Amino acid sequence: MKNSINTSEIVNIIREKVEAFDNPIKKENIGEVISVTDGIALVYGLEKAKFGEKVFFTSGVEGIVLDLDHDTAGIVVLGNDRDVKEGDTVKCSGDVMQVPVGHELLGRVVNALGHSIDNSGEIRSKNRMDMESKAPGIIDRKSVHEPLQTGIKIIDLLIPIGRGQRELVIGDRQIGKTTIALDTIVNQKKINDEVDENQKVYCVYVAIGQKISTVAKVVNKLKESGALEYTTVVVASASDCAPMQFLAPYAGCTIGEFFRDNGMHCLVVYDDLSKHAVAYRQMSLLLRRPPGREAYPGDIFYVHSRLLERAAKMSDEKGRGSLTALPIIETQAGDVSAYVPTNVISITDGQIFLESELFHKGFRPAVNIGLSVSRVGSAAQLKSVKKVAGSIKLSLAQYRELEDFAKFGSDLDASVQLSLNKGKYLVELLKQKQHLPMPVEEQVVLMYIFSNLYDQLSRIQISDINKFKYDLINYFHTTYPEVLKKLSDSMSDDIKDDIFNIVSNFVAQFNGV
């Protein structure tokens, strides 16, 4: 008997196999590298790519889409562009750039992508946040009302900074801009040791376009002072590509936002945004965007404003956290009217202007009081500081004016001579060595003596003032620590009497009377 083929059975078997087959079609948005030049890859395809989207090259190198044309995309390569070749495949990730955040990053040195570069192992953080995020709205914010103590007398007294403020540090190279930022970070050590967890100030130091040797010195200084334990250092050195230098401040800001959004306080230092602007200019010119003033692209203002607007003091409903920004700008020959300096001055809530002439005269920190201002920080000053700081700025400004006037003639009346003499004492009191931040109560003592006990102060030789102020503070700590403790908040009449008696006795001892 001949075997007959049952076609219906075969059809049913094939149908069952087809219906049971489960291999979903996977669509990927891919493109092909046309050319690579100086860290910029021109890619054909990527029809559905989004601006700012993260992409992967065949070699595993990451990139960011920063330019979109009809059929091509301009991608900045985050790494060595030698690993990217013409004809390589590029895949879209569907995500924007993210960095790890959290307490796990404290005490660590990372690059602009959040990868560890301190040979201390991987960053084991489960939390990640988008590098680019929207700044808090008006309703989510609260006015600045809590002080951020820098430990630098001339700043805490005359140009106070509040938590949530953006205060620019501007000046020529090598006159102490980074020192001010570092001393502010170091000064938080004593404060953090005495307060609750939610009142501590965590710090992020972002080094942009600096020499690796310079960054190593900064990290060592933070280690020596014990400040690295509450600080994260984000590094995009001069040897890193322009895209990494461009991303570094946004990565540092995101790390700080974690603390802000969780009801804590954070200080972010951007050192410096001049080099950040240069890196962005380089990228924009390579992407063939039209240049504007000083060859910067038209959106350079937005690049900095969207970064600095993320610094804020949050409302009670949003956890009361804060993110304070200390951007640094380097000027050329003191020219604050250049494009990038004027941009950042208009974005921030004030500026601390450092002057080369004052620095070379030996007045350090070399802060020019006439050009420096804090627009919102005075609301955050402690009561005791407000009481003694009121007349200090005027006295210093008058002294600077009279100092120039006195050069033209020797015949000065008694009142002018008194103002000049008082100014000399004030300048000596305000001088401060680097990396020696001074607690607010010690600052109050010295300024109270100048404002109210000048007769006592004038008995000291001007050349001995530096020794006198440090010896006096040590005398307070060893003999009257309770008076200093009370001064950290307010100043009553009883405390004023105590200070008068203590200073009178000490001046007599100091002069050997």
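Cβ atoms here come from the backbone N, Cα and C positions, even for glycine.
Lifted from Swiss-Prot, the feature list:
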BINDING   Gly171, Asp172, Arg173, Gln174, Ile175, Gly176, Lys177, Thr178  ATP binding site
SITE      Ser372  site 'Required for activity'
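Shown on the structure are the features that Swiss-Prot records.
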| residue | record | DSSP (3 states) |
| --- | --- | --- |
| Gly171 | ATP binding site | strand |
| Gly176 | ATP binding site | coil |
| Ser372 | site 'Required for activity' | coil |
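Every protein chain considered, the tally of other Cβ atoms within 10 Å of the Cβ of Ile175 (ATP binding site) stands at 21.
For the ATP site, the Cβ centre of Gly171, Asp172, Arg173, Gln174, Ile175, Gly176, Lys177, Thr178 serves as reference, and the other residues of the chain with Cβ at most 8 Å from it are Glu330, Leu354, Phe359. The Cβ of Arg173 (ATP binding site) has 11 other Cβ atoms within 10 Å, all protein chains considered. For Gly171 (ATP binding site), the count of additional Cβ atoms within 10 Å of its Cβ stands at 28 [all protein chains shown]. Each of the recorded positions Gln174, Thr178, Ser372 was scored by how many other Cβ atoms lie within 10 Å of its Cβ, and the smallest score goes to Gln174.
Cβ neighbour count for Asp172 (ATP binding site): 17 (other Cβ atoms within 10 Å of its Cβ, all protein chains included).
Cα separation, Asp172 (ATP binding site) to Ser372 (site 'Required for activity'), rounded: 15 Å.
Sequence-distant contacts of Lys177 (ATP binding site), defined as residues of its own chain at least six apart whose C-beta falls under 8 angstroms from its C-beta, comprise Val169, Ile170, Gly171, Asp271, Asp272, Ile328, Glu330, Leu354.
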